[in-house]
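Engineer: Take a look at the following structure, please.
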Amino acid sequence: MPQGSKKLAGITALIGSLLLGSCGTGGEEVCDNPLVANLPLSSFRSSSQLTSSHGPVFAKVNRREGAGGWSPLVSDRYQWLEVDLGRRTQITAVATQGRYGSSDWLTAYLLMFSDTGHNWRQHRQEDSLGAFPGNSNADTVVQYKLEQPVIARFLRLIPLDWNPTGRIGLRLETYGCRYTSDVANFDGSSSLVYRRSVRPSWTAMEVVSLKFKTLKNSGTLLHAEGQRDHSLTLVLEKGRLLLYHQQGVSSTSGGQLLVSMGSLLDDQHWHHVKLESLSTHLNLTVDKNTHQVHIPAELSHWDIHQLSLGAVQGHGLQKPILSNKNFHGCLENLLYNNLNLIHLAKQKNHQVSVVGNVTFSCAEQVSVAVTFTDSKSFLQLPGLTSWSSGLVSVALQFRTWNKAGLLLTFDLPQEEGSVWLYLSEARLRLQITKAGRAQLELSAGRSNRDFAGSGLNDGQWHSVELTSRQDHLSITVDKDEGATAHTSILLPLNTDSQLFFGGCHVQESRQECRNPFKVFQGCMRFLTLDGQTVDLIKVQQRLLGNYSHLQIDMCGIIDRCSPSHCKHGGRCTQSWSTFHCNCSNSGYRGATCHSSRYEQSCEAYKHKGNTSGHYHIDVDGSGPIKPQLIYCNMTEDMSWMVIQHNNTELTGVYSFPERNQHLTHFDYASDEEQLASIISQSEHCEQELSYHCRKSRLLNTPEGTPFSWWVGGPGPGQVQTYWGGALPGSRQCACGLQDNCLDSNHYCNCDADHDQWANDSGLLTHKETLPVRSLVLGDIQRPGSEAAYRVGPLRCHGDRNFWNAAFFDKETSYLHFPTFHGELNADISFLFKTTSSSGVFLENLGIKDFIRIELSSASEVVFSFDVGNGQLEVRVETNIPLNDNRWHSVRAERNVKEASLHVDEFPAATQEAPADGHIHLQLNSQLFIGGTASRQKGFLGCIRSLQLNGVTLDLEERAKITPGVQPGCPGHCSSYGSLCQNQGRCVERDNGFSCNCDQSAYTGAFCHKEVSASFKSSTSVAYNLKEPYELSRNSSALSSSIYSDVTLKGENISLSFRTSQCPALLLYVNSFYREYLALLINNHDELELRYKLHSSGDVEVLGSRVTNLANGRLHTVIIRRQADTVSVQIDQNTREDFNLTSDVEFNSIKSLILGRVQDSDELDAELAGLASLGFTGCLSGVCFNSISPLKAALLHPDSPVIVSGPLVQSSCGTSSPANPYAAETTHSLSDQTGPVDPGQPLVNAIKSDSALIGGVIAVGIFVTVSALAIMARFICSRKDTCRNQEVKAAQPEDGHEFPFSSQADCLSTPSENQKEYFI
């Protein structure tokens, strides 16, 4: 082999071995080498040392030199041990050990890292917990592996706690490996520009990654230009990273903001940024947080031609995002598609141009900051000798989240006064008092700054300068950007004056420092007195001034709102120590806006006692799908969710020779994810699909190509070639399935192609094909072809999740599911019923963490958990037993701020999370339901509708294969039966219950809707019972016929009425033996009850003292008779009691009559005359024992009721608002002009001839309004008095008393633009 080839082969082998070695078997080099053991003595520093043998050089693990480790002179929290690793190093773990042969060791400590030995950064676990666990003795080495490796040169350890019987003692080791990088420094006027020399082939992904550090809060970091003059610009503004998109060479706008991420990025620490451009979206990563941004379609195949770093170096025709603000700081490891651009620049590659002064090392400005951590923090500095001349200048920079806090105070001994410079409502204020009286108050600063709408508490650095010279005093905020205030008061300071920053010394009652305001919590830097910078390192070494509870040489500010823990669009605000989520208008609640305010279905609303109406539905609870407003139609048996789309009306299609097809698309009021979830969790869904035709074929059955089809199903949907009422894939209509089509040779009526109107209609009930998304009608181009279609709203009922239940009949039984993942937010909700006094509902364990909910006693539920801070418990104790075999609801939530527990409607219990503790719940075992892994304390009873973070666990499916657990749980009336009103009877169902209203005078889902009607004087409603002999002759008689041969010794009568007639007969009940009961309003406008319980006896008259009943208002009457005792209750008046003196038996009832009595031969003359007049007004809720004659007449035409005269269903109660889904227009055949085919559908006129119908509607509205106005004038002019029948022989008809059309609450099927058609 030639020598050159050998060398090449050797180099190739070397490179291959290096690559394989760097990758390793696990893909990464092992990085756990000890870093401290071999360091020189000069690498160790400390705050102090007890003796020379206790110095920091002896603080090496497992070494016994000197006194066996480091111990400071004083054991307090201001001590530290520092290690210089010699260069920036990747650190992966830290180990501690106590001082050898002593009782000195640490139990907790803080870790700080730095590149320069200044500007320290505290390392936190889980981004919140700062303290690390230490040792329990002096010998054991305790190692802590960092969750993420840290790149730093210097490490500083600060003791927090130590053995209480000893002192601080420490030996230390760190582990990691060497770190190499390419760095570039930009001075604010320099940049790097990378240009592609050859246009590459298109790739699916382009990646730019880098690290940066800076002290400036604004500057252009990156500008990428591609084809078609599109550009992406990444800028740092107010300490946040903003990504903009611009288009066009002549663009003068600032570009479109795509995303904003990060916060406080001007802290002079390294931050990682990664920008990934994919075909459909961008991924922007800042440190550990990634945000996905969908991009315009024109960027889908966009690639970068030129990349500028540190400034915008383009063609100059686009307006810069940040004018004249280039990046000032350092960049590291700048990679473009794995191409190291800084390395290329160092090699002077022709593709990378250096503009300005770019150096390849990071020149860092030393900035020593100080952090005021709590209410005890203060910094005290002495005055200067130069102040005796009368010139005083104090300047500083601060940053904070708090709206209030003291920045600076000092006394004026000669004036017996004080000066306070402080923040109040995010504005800077100066207050000067002399002899206890306020002499001056100045205010400066912007109360509404342009960034984030905040003031001086926006977390940004703000400068303050206080200057006093001769008779001039001024304060300046943010130099030229802020505000300046002036006054003519002199500040006589001298060398003896003491300045206090942030607060006062709380342990000494010093007169020289008083703070009537809140303490300052935040950071300060660049403290200068008369232009001289204060050496804060001397302060730290106790060589200058005094301080307490400060962190010097670091700024410990944390942005608790970036990333935000507020979910579902909750707005995050913060102070120094905590954050708050504003959940207004989000639809969610809780400390982090995690839990939904709304139910997940109409079924759930119904079981809270809600009736039909619009409700917000959150189909996935705390999941990502937003709540939606849906109409719930609550019937006696079902709870329907009705989802509208843009055209639910019957719409005509006419022949157009130039158009072969008619296409229509349906847009639903719900989003795609909402629709899919509703259909999935519902037991049944349906949608009406109708086609009316004349010479317009539909499916062209049985063998031809379909002329028409529709698209339905999830996502974009699939083509469907069957019609309403048929089966999927059948290519049939309903008539084909039922074998009754007009032409037996076809499977649809319309396919017969007759020249007369026909229709194919039916319901689509297969959820896999719903909803209908579009419709294509094909046979419409022939002359004479006419058609009309209707696609109704999507209607679904039932909730599989709500009724998903399991019954646990053994204490040792349980269900298990995969591990619950609720690291930062966990909400758990379910219902239970039991007769047991204790048991575990749910448990999930981790190595140390756990979560558990249990019934600890018959009246207490406990929610307990541990996320690493020790066990926390939240308890709710009730004042009623929970083991009453009724359903009870439990809702528990745990997040980074608090834990809460709700049981039924009892007051919730909450526990706040530790301010600086672990926040991640880490579980790894199976989730146990109804028991525990130890099979102890198992739950006996039912658990239903169990949801974890919005996801329902399928208890029934798991119970089918689990011994000791049964699927489902019957018995709901004990819990929900009270929802059935007005004598409604609760009926058990497999999934829930229903209210049987057969024995009630009311109707509706809960027997709550009044059944009422308007009567005219000629109206008569007679409910007839069978004659005695018919009962034995006809065994199939109605159940009510038993009254015909039964002797009643009591009645329960209830009804409501509204009338202006007096006298008036309200109810008449007679018998086969000429006995009767009559309820009436007499001539004196009083209620009167007449009994004749013996054919030859006298009539007993029971008169109420309540008057003014014929006043046109609604009144309710309840009558109870038991033998000879009668009670009468009218409205809210006092109950009146009466006694009958004659017979008490009511024998063989014949009929119950409302309104005019047609046959009055058996009545006396007075009552007969009154009965012949009828009743004019409104009756509602009429019930005689279990008979409801008015309900039978209106709703059950097959009942033994005879109605004569006009009877109009109405509402006697207060007028309810019109239902938005009420019918607006009713079209009849007489509305049409010209000849009309009797089978022709009357389609929505708006779709066919809007101008003509618009005029008709306008005229109709005008006539209606005019009539109502005249009617109202007539009504108002009437005197509210009782009209004597002797004066007027006939009752005048009053339009106010007779609403001829029922209101919207009588409708059962809502629609956005509902019409009624006569076809």
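The backbone N, Cα and C atoms fix where each Cβ goes, glycine too.
TrEMBL does not curate its annotations; it predicts them automatically.
Straight out of TrEMBL:
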- 1300-1312: compositional bias 'Polar residues' (COMPBIAS)
- Cys942-Cys969: disulfide bond (DISULFID)
- 23-177: domain 'F5/8 type C' (DOMAIN)
- 182-362: domain 'Laminin G' (DOMAIN)
- 368-555: domain 'Laminin G' (DOMAIN)
- 557-594: domain 'EGF-like' (DOMAIN)
- 593-645: domain 'Fibrinogen C-terminal' (DOMAIN)
- 804-969: domain 'Laminin G' (DOMAIN)
- 970-1008: domain 'EGF-like' (DOMAIN)
- 1030-1212: domain 'Laminin G' (DOMAIN)
- 1-27: signal peptide (SIGNAL)
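Can you tell me where each of these features sits in the structure?
Structural biologist: Note on the domain 'Laminin G' (182-362): mean pLDDT across this stretch is 84.
Proximity of distant same-chain residues to the domain 'EGF-like' (970-1008), defined by a Cβ-Cβ separation under 8 Å and at least 6 residues beyond the stretch ends, is recorded for 603, 606-607, 609, 611-612, 634-637, 639, 683, 798, 802-803, 833, 885-887, 1054-1055, 1181-1183, 1186, 1188, 1190-1191, 1195.
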Engineer: Under 8 Å for C-beta pairs, could you tell me which stretch among 23-177, 182-362, 368-555, 557-594, 1030-1212 has the largest tally with the domain 'Laminin G' (804-969)?
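Structural biologist: Comparing 23-177, 182-362, 368-555, 557-594, 1030-1212 against the domain 'Laminin G' (804-969), the winner is 557-594.
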Engineer: Using a Cβ cut-off of under 8 Å, list the residues of the same chain at least 6 residues beyond the domain 'EGF-like' (557-594) that approach it.
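Structural biologist: For the domain 'EGF-like' (557-594), the nonlocal Cβ contacts are 240, 261-264, 289, 371, 399-403, 459, 521-523, 616, 618, 622, 626-627, 824-825, 827, 893, 895-898, 900, 915.
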Engineer: Sorted by position, what residues of the same chain at least six away from Cys942 (disulfide bond) have a C-beta under 8 A from it?
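Structural biologist: Looking at Cβ-Cβ distances below 8 Å from Cys942 (disulfide bond), excluding near sequence neighbours, one finds Ala805, Ala806, Phe807, Phe808, Phe832, Lys833, Thr834, Cys969.
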Engineer: Using DSSP, tally how many residues of the domain 'Fibrinogen C-terminal' (593-645) sit in helix, strand and coil.
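Structural biologist: Per DSSP, the residues of the domain 'Fibrinogen C-terminal' (593-645) fall into 5 helix, 21 strand, 27 coil.
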Engineer: Tell me the Cβ neighbour count for Cys969 (disulfide bond), meaning other Cβ atoms within 10 Å of its Cβ, over all protein chains shown.
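Structural biologist: Excluding its own Cβ, the number within 10 Å is 24.
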